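To start, the structure itself, in structure tokens.
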Amino acid sequence: MERYTAEKIKQLLKLYFIMGRNNSKLSPEEVLSEALKGGITIFQYREKGENALNGKEKRELGKRLQQLCKEFNVPFIVNDDIDLALELDADGVHIGQDDESAEAVRAKIGAKILGVSAHSLEEVEVAIRAGADYIGIGPIYHTDTKKDAKEVRGTVLISDVRSQGNAIPIVGIGGITATNAAPVFHAGGDGVAVISEISGSDQPFANTQRLLDAINTEA
């Protein structure tokens, strides 16, 4: 298996949907199915927070969501849990700064997609040297989804990365909606990641399409 090219990763990041059971207003399977029909380009299974699934239940839900992604040929990424990602043969892994090092994860997952959250230029550079395929930057706006979210940064860090001539694929995350996605692209981002804008809606298909319409006018 060869690693994805940077150009392909940029295309995949366009509309990045992240969800676990705790985030979904409807059943996770229903939400993901509607989001896939609506046009998401990549999906991350993020099972965290109070009452998060563990063990067999977490694995079984992951399998069901992965199968939906396969039906739409959309990459299935696992948040943090390297063992689960390998067990399911997921398309990739996303890690934060408090997780296992990007270098160690890259050694374990081989050519699979590796995404890393970063909050400073130094963290971006370390992630790139370790073999990250893309960087997640945020929170762009205020968000209630992640209780441990860092201070709102806006798009400054995205602009700073680009001003240094760095072409690493970047996805912005945090409080993004159809009405405020544009600045992420103006700053040099390649896509936007959303959780509650889709998963917290009782109309996930419609919300996905609204996001995609907004993105397509910018990307």
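Just so you know, glycine gets a Cβ as well, placed from its N, Cα and C.
A TrEMBL annotation is a machine prediction, not a hand-curated record.
Lifted from TrEMBL, the feature list:
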type	residues	note
BINDING	Q44, Y45, R46, E47, K48, N79, S117, K146	4-amino-2-methyl-5-(diphosphooxymethyl)pyrimidine binding site
BINDING	D80, D99	Mg(2+) binding site
DOMAIN	15-198	domain 'Thiamine phosphate synthase/TenI'
Distance, D80 (Mg(2+) binding site) to E47 (4-amino-2-methyl-5-(diphosphooxymethyl)pyrimidine binding site) (CA atoms, angstrom): 9
Residues satisfying Cβ distance under 8 Å from D99 (Mg(2+) binding site), sequence separation of at least 6: D80, V105
Spatial neighbours of R46 (4-amino-2-methyl-5-(diphosphooxymethyl)pyrimidine binding site) that are distant in sequence (at least 6 apart) but have CB under 8 A: I18, M19, G20, N23, N79, D80, H94, I195
Long-range Cβ environment of Y45 (4-amino-2-methyl-5-(diphosphooxymethyl)pyrimidine binding site), under 8 Å and at least 6 residues apart: M19, G20, L61, G62, L65, Q66, F76, I77, V78, N79, A90
Close in space, distant in sequence - K48 (4-amino-2-methyl-5-(diphosphooxymethyl)pyrimidine binding site), Cβ under 8 Å, 6 or more apart: G20, N22, N79, D80
Across the domain 'Thiamine phosphate synthase/TenI' (15-198), average pLDDT on the 0 to 100 scale: 95
Among E47, D80 [binding-site residues], residue with fewest other Cβ within 10 Å: D80
